[in-house]
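For reference, the structure is listed below as structure tokens.
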Amino acid sequence: MRKQRLPIIILAFTLALVIHTGWLLFTPPPVAYAHAFVIGSDPIDGSTITKAPSVAHVYFNAPLSPLSSARIYSIQRGVLVDITEGSSSIASTSSSQLNIPLRDPDQLPEGSYEIKWTAVAATDGQTTNGIIGFDVGLSSLGISGKTVLGPSTSNNLTGTGGSREFTVLSILSTGWNWVVLIALTFWIGLLVSENWTLIKQARIQSLLEHARRRTISLQWLCLSALLIGEIVVFILRVAQMTQAFNGQFTLMPVLDMLTQTTYGILLLIRLALILVAMGLLHWTSRTMLKDYPLTPTPRLVTRTGALGSVTGSLSPITGPLGAVTNATRVSNVTDSITGSFKKVTASQPGKKTSNAGSQKYQTREFENKTNTLTPSQHHYAPIWLILAGLIVLTRSLSSEAAQVLHPHASAILFDWLAQVSLGIWLGGLAYLGLILLPLLNVVEREHYSDSLVVLQRRFAPFQLGSIGALLISGFYLYEASIPTLNLFLADPYGRTLLVLAGLIVLLLLMSWVVLFVLRPKLLRLALFLPVVTSDMPTRRARQSVLVNTGRTLKQVVSIQALLGAGMLLCLSLLTFYAPPIVFPTANYQVKNDQATTQPTTKTQQAGDLSVSLLITPGKLNETNTAILTLKDKDGQPVTNAQVKLTLNMVIMDMGTTQVTLKDSNGVYAAVFDPKQTFTMNGVWAIDVEIIRPKLDPVSTRFQFNIS
């Protein structure tokens with residue numbers, strides 16, 4: 001009955017996942033986000049508005065931490081002038097909206113403006129940046145080309161300091177994250193294998209004893225790598241944040257990241273759990289070394305008894321392990337094998353036969369004794385598994401899946417399930433190929449076939465279950481990450497996913513070879529090996545085939561472990577790249593402005609005078625005429641003034657042109673030759689100076705876009 005429980009549990013769990021996945025097929029899949037990217041703004045990036053707003057809004061696809069900031073600059077004569085009132089803040093109604101107030105919006109000049117933003121995602125602590133540009137009235141940059149409206153150009157992805165640009169910090173962060181994934185995956189596989197997969201296996205108890213002596217140091221290595229790796233990754237993210245803010249790495253940004261982001265709080269919890277695991281490991285290993293000293297490698301002895309000549313191992317703790325195990329094996333094989341041993345006994349009438357009841361009692365006593373070895377490990381097995389599950393949960397809560405639907409419980413569950421399944425599958429393969437199989441030839445030389453069969457029988461259902469759970473959860477997560485198929489080639493995240501999928505296919509093929517080719521062959525060889533006596537050539541031939549098959553199994557499992565390391569590297573790269581940005585569906589249309597199609601008269605106030613200026617036709621390489629009118633505060637034309645115009649381009653010095661306008665009944669006009677001024681596309685500044693008799697001079701500035 002006990003042997004049937006595990007397949008039933010795995011089958012029920014798999015059916016539950018299938019049902020849940022089927023339900024998800026009838027619901028719209030969520031979109032996975034990582035980091036914090038701009039998906040909209042007000043004013044719209046690339047737009048032209050008639051008046052500067054009092055507050056600008058920037059919308060992100062993920063919750064922001066209070067460390068995020070943005071500044072607004074006015075571009076005046078090629079110089080960035082900060083016009084931000086105070087500092088930016090996160091909106092009270094939405095944690096993914098950043099508000100930036102403007103200083104004196106009614107007094108701001110026409111021209112081009114930029115919003116420079118730097119966002120720190122609350123969930124994963126990643127830093128992103130970008131620029132949003134808009135114009136008030138007209139552009140002051142003089143840049144030709146088609147205007148791109150919308151947030152598609154608002155994020156800095158591949159430029160200098162871009163979130164997808166490889167730098168020293170990003171390479172180090174990706175590498176250390178890979179180390180963390182390797183350590184966590186191997187540690188999970190080791191824990192599940194020792195505390196669940198191979199628990200209470202009397203036939204391989206000696207093998208597990210020697211393996212556990214090695215895994216204690218490996219657990220220390222994994223936990224130390226986890227602890228150091230998490231701290232280093234955190235420090236590198238803080239360094240990336242300070243670099244984006246053009247600041248210095250000090251203690252204050254570290255404290256801010258720890259206390260003002262969800263990632264920092266979860267990191268503190270994760271580090272505390274790792275320290276608890278290290279303390280538990282110290283306690284259990286000390287207890288095991290104190291109560292159960294290291295068992296030396298069993299020495300081979302040959303004894304002659306009722307069953308004939310039996311070669312086995314002699315242990316100072318458990319006694320004749322080999323002899324008892326041989327007797328147990330004889331009782332479990334086919335009747336023909338038992339009959340052959342009876343013939344050996346009958347051929348020696350002078351020998352006394354063993355009492356069957358006494359032999360069964362000795363076998364049960366031995367199994368009870370071997371099952372109680374290292375009780376500290378078995379007693380604390382649930383605690384170990386809970387600790388590993390909680391550590392993985394803290395990573396899932398700060399992963400890209402946690403940013404789905406703020407957050408989406410199914411996405412977090414599937415991300416946790418994917419990480420645990422990956423640990424059971426790849427970590428179990430590494431434990432089997434790097435620890436158990438190399439020890440098998442040394443510790444279980446005389447029981448090689450039986451031990452190999454036991455390992456395969458115990459690992460097979462766990463491998464199949466973890467593969468199924470990983471495929472289901474991974475399909476759900478990455479379907480949400482890639483909205484369209486063309487992104488598999490057009491986006492680096494999609495290309496990394498393709499490489500990951502290729503590695504998974506190779507691993508699945510090799511797992512199929514292990515489970516459905518090598519495993520049945522090993523079972524068949526182990527079943528028929530005891531039928532032939534040890535001095536016959538047939539047995540030696542079968543033994544050689546068995547050893548070669550075991551060697552092939554070891555090589556295949558080792559290759560799988562290496563491919564698993566490649567999979568973990570792809571997962572680390574996916575964390576760096578983040579899924580493609582999915583922008584909201586919106587129709588950004590350029591509104592036709594008469595200022596760009598026909599001359600427009602502009603009016604400004606200069607002292608007590610109302611000054612109106614018209615440049616017609618306002619085009620390059622044509623004769624342009626400037627027409628200016630003056631009115632006093634009563635609305636009456638001013639005719640006795642001297643008006644001087646000074647013209648030059650805004651973004652660069654194209655040569656200053658000065659001209660005095662002639663008065664004609666209150667209308668002041670001047671004609672400009674095509675080669676005299678307005679010789680380049682862009683915004684031109686026209687300074688107007690008005691001099692009246694017995695009054696102080698007044699002046700103002702106009703800007704016109706010449707195309």
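Cβ atoms are placed via backbone N, Cα and C, with glycine included.
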Range annotated as region 'Disordered' in TrEMBL, from 144-163, 344-363, 584-603: 344-363
Positions whose Cβ lies under 8 angstroms from the transmembrane segment (260-281), at least six residues beyond its ends: 63, 65-67, 120-125, 216, 219-220, 223-224, 226-227, 230-231, 234, 237, 380, 383-384, 387-388, 390-391, 394-395, 397-398
Range from 176-199, 220-240, 379-397, 417-439, 498-518 with the greatest count of C-beta pairs under 8 A to the transmembrane segment (459-478): 417-439
Stretch in 176-199, 220-240, 379-397, 498-518 most in contact with the transmembrane segment (417-439), if contact is a CB pair under 8 A: 176-199
Local confidence of the prediction over the domain 'CopC' (35-136), expressed as mean pLDDT: 89
